[in-house]
Amino acid sequence: MEKQRFVMKCGGSTLAALPDSFFAELRELQASGVAPVIVHGGGPAISETLDKLGIETEFVQGLRKTNDQVLDVVEMVLAGRINKEIVRKMETNGAKAIGLSGVDGMLIQAKPVANHQEIGFVGEVTSVNATIVEGIMSMGYIPVIAPIGIDQTGQRYNINADTAAGAVASQLGVSRMIVVTDVPGILKTVDGEKVTLPEVTVADIEAMIASGEIYGGMIPKVRAAMQCIHGDVQEVVIVSGSIEGVLTQAVTTGGVGTVIKQ
Ligand SMILES: Nc1ncnc2c1ncn2[C@@H]1O[C@H](COP(=O)(O)OP(=O)(O)O)[C@@H](O)[C@H]1O
Ligand SMILES: CC(=O)N[C@@H](CCC(=O)OP(=O)(O)O)C(=O)O
């Protein structure tokens, strides 16, 4: 039988706060025959390092303006520190993991985004080398991917981790992508109170972006979700990493976070 596979995006907003139980859940899922693929972010850690180095940083619609100097730091932090930290935590909690960036084996091929004149070396994914990801899974390891892209000339690109995860989910043809972040889902103010929406449609999302109810870092998440929920990918679930048992619930029974459906 084909193993149940899913792509999970872990946001930098929540990485440091992920409890050991989160990694233990990954071990349990792996042992039960489920095959996760992880794509991670690390935005706050990149900003912190840029700040320490005295390099200014700015976001346009949730995407970081990236020049050569920023690109060096992005690669150092994502493919170095954060990627290895996740692999380490997984291994110490008994899950088997191999970390790599989109540059390794030209895993994530990319081209400049449409507004590159304004935001520099930010990439959009042109293709994902699924053979590498599937090879790692077939060896019994969970691939842990840092979202750096590369083109045929060797130019690197900074790719938003939500965008990269959506592209990996589409290319692998998984049925579900789980986005782990620092909020329990898409929030909306109803009668003066913030509630987590259990389910949203593409039309709801467009309206919430237009009204400003979805802003900043949530924008690339919902855009990536809308782009990947065609074909094989049936749903994208946005959840908080700090809720105990969240991963198993998202993979099995559901009823957690916000679900974006086809
Ligand atoms: N409607 C919304 N519901 C929930 N969070 C939202 C919404 N609109 C914007 N956000 C913001 O999006 C953030 C998550 O995005 P981000 O900080 O980039 O996290 P990550 O590092 O996990 O990608 C939330 O902490 C919140 O500030
Ligand atoms: C182009 C762009 O904005 N890239 C992101 C890559 C990391 C990321 O996406 O991290 P989170 O998932 O934690 O937000 C950045 O430079 O911050």
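Backbone N, Cα and C define each Cβ position, glycine as well.
Keep in mind the model is a prediction, meaning the values are calculated, not measured.
Positions annotated as domain 'Aspartate/glutamate/uridylate kinase' by TrEMBL: 5-240. Among the features that TrEMBL reports, site 'Transition state stabilizer' is placed at K9, K221. The substrate binding site annotation in TrEMBL covers G42, G43, R64, N158.
What TrEMBL annotates, mapped onto the structure for a quick look.
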residue	record	DSSP class
K9	site 'Transition state stabilizer'	strand
G42	substrate binding site	coil
R64	substrate binding site	strand
N158	substrate binding site	strand
K221	site 'Transition state stabilizer'	helix
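Cβ neighbour count for R64 (substrate binding site): 21 (other Cβ atoms within 10 Å of its Cβ, all protein chains included). Taking a Cβ distance under 6 Å to any atom of ligand 2 as the criterion, the recorded positions K9, G43, K221 reduce to G43. Listed in sequence order, the recorded positions among K9, G42, R64, N158 whose CB lies under 6 angstroms from an atom of ligand 1 come out as none at all. Long-range Cβ proximity for N158 (substrate binding site), meaning a same-chain Cβ under 8 A and a gap of 6 or more residues, is found for R64, T66, V70, L71, V74, F121, V122, G123, P147, I148.
Using the Cβ center of G42, G43, R64, N158 for substrate, the list of other same-chain residues with Cβ within 8 Å runs, in sequence order, G12, G41, I46, S47, V74, V77, L78, N160, A161.
When the neighbouring Cβ atoms lying within 10 Å are counted for each of the binding-site residues (G42, G43), the highest count belongs to G42.
For K221 (site 'Transition state stabilizer'), applying a Cβ distance below 8 Å and a minimum sequence separation of six or more within one chain yields D162, V179, T181, I238. Looking at G43 (substrate binding site) and K9 (site 'Transition state stabilizer'), their Cα atoms lie 13 Å from each other. Pairwise Cα distances among G42, G43, R64, N158, the recorded substrate-binding residues, top out at 12 Å. The C-beta environment of K9 (site 'Transition state stabilizer'), restricted to residues of the same chain at least 6 apart in sequence and closer than 8 Å, consists of I38, V39, H40, G41, A161, D162, A165, M177, I178, V179, V180.
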